[in-house]
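Worksheet: one structure, shown below.
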């Protein structure tokens, strides 16, 4: 044990670029660092989009085919067979709008929730701000959402021209609605990501929970179809005002309440703050438990 | 010289066994203790990291490590499997956080913990260079500037627009290393990359590492089992033993210390765990010598390797071999069963003794590898570094050759001469 170089305190203590300590500050998103890694964010998003259709014959067309097929199935099953009401709206439009929004939310949520598990091999070898991965999920799904929504607008355009449905002024809320979905999906996902690393049970619970949440949201039915007695039971769901406002803006049916939107906004921000706290804590040592 | 990296009382604790449902109660316990301002109740339980010893739910993978890495040096990290080398690098590359202590560093750290991290099989080589570079912390203009150099270094120019899933594993590694080697950083962390790739590529890697540290004044932290590379490349080396820092020394001294402190493993329990699951298993291995010593053996004594093995079914063309390795990891010689016997290895339990003739191995450290294989087809069983021993000068006249390289082995050749004949 002779020549261990004991660090001397006399040496200048300045100019350390990197300081690794057991605990980091909890509520910081370290946005500066995220900004330095913005190229990585871009490349992750690009990877997700490009690899989605690599080695397929139809290529990027799949982005259109998928929602079209889902919509046709919904029209057939829920519209024709089950005969669920669509508030008098054309069924294709009704379901396509619901599906686009729901897919965006649920993809952000479930992909983020298992982000540590899915990327364990990558996270186990290199450091980069972990928040980049959930952000890339949100952005690459935003791209898919945009495509699905363009599809929706094309079909809606036909109905506008025929004069069967009309745009409302509430359509201006659209960017806010998308933002709520993104922040809520990201927040809930990060909240669960912490738990799925340690307790795998959460992953199963999550699958079931997301399905349940879909039926508790007006994706395949309009909110007006819920019996008045039961409506308070659904009031907690921050997704309801979003779906309702989206349908009101683009298709002119449904209801928009400023209170409901405000609740959704506050709920999303609250979840996001709490989840940031947890995510920061977990990202530093999750490798030991995953 | 200023320090590039400083480790201050760094410790890392791991929990052994199954991590899962049981942790909930511990977590609650911990939270409760924290609420009352008490120390973490489970941080006290840790025991020294000794793989062979049982007991203790928590283990210290690293305990109170303090040392400096100077700017511009190539520091080697030596240690047995499980000594804490990888944990040290993981902490440094911020993959996981230390339990206690602090690490500080000057400059950007690039780590080659495993090259080709984050390669996406569907993307082309070129796309993956960008992706991998960004994961390692490069920015796109930086990568674009270096793109030609990276492609050139990897030697994959022909396949650069082919998806990497069509690459051979060697090409993948080369591409990964090429990206990492062109990182603009001040500190490079390298782990075992030299174990892969062909000889020519390894040479290029070593040259790159040397030029990085001498030319650009970068600091390199190098972890490897290849003592030869270690001795050639490093300016200093640290030895880790059971999670603690043993010494910081010149590489030659560190390697010697490492060999001296490493015990022989002979217990059959260990042996079983080390072996491949196959038709042939070594049941026991032992070593002795004609002078009775088992670790420091005189040059003039015979070294006997004894081993029992069990063969389940007959394997056509099965060959048993003993290989002796020198301190730098170079193979000194090989001996095969078929040199002595013509009949095939018989099914069931057999015992064999292989004697290395006296006055053969020159003084130095050696390790023994036992292998059973079907040559050019497959390895049936292999035990690497199954023994470690030292040949010492027991009064032979090696002193006459001070500082002269006498080679790896002495061979008793047949000398014929006739005196007094003048033609």
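Quick reminder: no glycine exception, Cβ is built from N, Cα and C everywhere.
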**Prompt:** Pick from A:39-60, A:61-82: which range has transmembrane segment per TrEMBL?
**Reply:** A:61-82
**Prompt:** What range among A:88-105, A:106-123 does TrEMBL describe as transmembrane segment?
**Reply:** A:88-105
**Prompt:** Of the stretches A:61-82, A:88-105, A:167-192, which racks up the most C-beta pairs under 8 Å with the transmembrane segment (A:142-161)?
**Reply:** A:88-105
**Prompt:** Residues of the same chain, at least six outside the transmembrane segment (A:204-223), with any C-beta under 8 angstroms of its C-beta?
**Reply:** 74, 78, 84-87, 94-95, 98-99, 101-102, 106, 109-110, 113-114, 192, 196, 231, 234, 237, 239-240, 243-244, 247, 253-255
**Message:** Given a Cβ distance threshold of under 8 angstroms, which distant residues of the chain, six or more beyond its ends, lie next to the transmembrane segment (A:167-192)?
**Reply:** 101, 104-113, 115, 134-135, 137-138, 142, 145, 160, 202, 206, 238-239, 242, 245-246, 248-250, 252, 256, 261, 264-265, 267-269, 271-272, 274-276, 278-279
**Message:** Can you work out which residues elsewhere in the same chain, 6+ from the ends of the transmembrane segment (A:61-82), have a Cβ less than 8 Å from its Cβ atoms?
**Reply:** 52-53, 91-92, 95-96, 99-100, 103, 144, 147-148, 151, 220-221
